[in-house]
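S.K.: Following this message is one structure expressed as structure tokens.
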């Protein structure tokens, strides 16, 4: 991009990836099959994700991006640059520094000027006004690997999705030729494969982009990355660096004169000193508060009280620093949708590899919002913090709860308060809500403390059971408050981030014309084929559903041939019955989101009764998945007894039905429901 093409009056940081080197994990082992590395950057709420590259000690990261810098170097300007994605300021660093007098008007900076079109109106940037923007360029490197062996994406995706092996099944009616319709399903299969990956954060770091202010033109910097969250979501004991990333930075448009490097060092020292002083004062205050709390009752010492948490860089911060009221765009329309979104995140504990030599012990780690969204995974604590922030953004009185489950294990969940402080508990891992009348079903045993973005309360009640506790937090006799105003806390490098729409929301992919033609059993490419033998195919959830059904039907047919032999007879699919299953799948997702019975059950039962003749047997079984990996779906389908009972039906009149329903959520998360059914005559033919 040329300087003349940049919007006038605005400053940008041009970042170019020059590759990585010395990635320690791959110095000791060879990459697994299908394993790749993917890099994600974030600055002031703006994100850039590079294409995955082959895993190795020197990954060839490539790409470039422009990050808009807030005008004036203020927290309010940062919020404007981020699109107003959060309640309050978008940069906690900016708010804390403004309160400490570390802004561009501080004595150390000698005053400041405007940004954007500064420099006397000549389109140059005033570097002095940008010096106070201390938030670093956040870097996340992820190991990307298929969820199941054999799901490696490639140009032969059409064949591996089994469309040519489905002579008894073809795409339904629609616009265009059969080849065009088939190309959409092939493209949908490829997209489903791309979403069916495991992302494990393997390296984290922060680049000091302000280095570009002390030198005119392009600046090449090396960023040392630390090991990402390890086993059980914690930081590995080893402090060895995970690798190095080389970046090229340039401020666009240019500025009239570079800053003195000593000025940048002075600003960094002031920021570090401010954080150290604030943290020292907070720790002293927290220790005094803890002593007073325990003196009330020595038994309180064993209660789960969480005051400090370790951030992904290994530094400790008050727990309230991790919570922010979040309004992350228009893609989540309600608090209940937000809870469903959080529940679809993969548990990092389930994705982490087994401990390696020297990394068998871990310390707890709470990652930043960008790390959670980039990897699509989180620990139970991060899920609770994210859900509390989203509920606060929807205007609810939300609190993170630290307590224990019925089996004595520590746990973290979310509470909202209604009239008369009546609690509603939200389980982040499932999205299920428990009201005060659901005491017989909720899994929570005791409550130690609650906190949000402003304060922490420790439970002072003798009965600390989740049911017996009063949640009138304002009663000093029941709860002991530890105030945590953001201006008095060491700030985290946090920004509001707009959620990315799902790739299934109208993606357009290029599909090899040969695969499309073979899938449609056609001899020539589809009409509208793009140059180079490619077909342009629009992909949405319906196309992905059709692709998944094709793959699962192939798996069902293969299982019946293996289990029942050649005498099992032809496998008949009833398309009409498959269509009737859709309302049930929509109802299951409705119940998961809203925690209430979905309307329309009477109509569904009536339709099934009309479709199944009198004296016939109807069996159906649903299943839920939080991914689009067809291999894992087929494996789960063939491991469930009730599914196997349906598949083992040998009646000559048997007709099978299969329907898949995909619900797309932001950040590529999906909720997939499928139902397998069969109907057959209960009376054997004479």
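A Cβ is built for glycine as well, from the same backbone N, Cα and C atoms used for every other residue.
The domain 'CEP76 C2' feature in TrEMBL is assigned to 6-75. Look at TrEMBL and you will find 364-482 tagged as domain 'CEP76/DRC7 peptidase-like'. The annotation domain 'Centrosomal protein of 76 kDa C-terminal' is assigned in TrEMBL to 539-680.
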S.K.: Going by DSSP assignments with H, G and I as helix and E and B as strand, what are the residue counts for the domain 'CEP76/DRC7 peptidase-like' (364-482)?
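M.R.: Across the domain 'CEP76/DRC7 peptidase-like' (364-482), DSSP assigns the residues as follows: 27 helix, 44 strand, 48 coil.
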S.K.: Please count the residues of the domain 'CEP76 C2' (6-75) that DSSP assigns to helix (H, G, I), strand (E, B) and coil.
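M.R.: Computed counts for the domain 'CEP76 C2' (6-75) are 7 helix, 32 strand, 31 coil.
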S.K.: Just to be sure I understand, if DSSP states are collapsed into helix, strand and coil, how many residues of the domain 'Centrosomal protein of 76 kDa C-terminal' (539-680) fall in each?
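M.R.: Taking each residue of the domain 'Centrosomal protein of 76 kDa C-terminal' (539-680) in turn, the totals are 75 helix, 33 strand, 34 coil.
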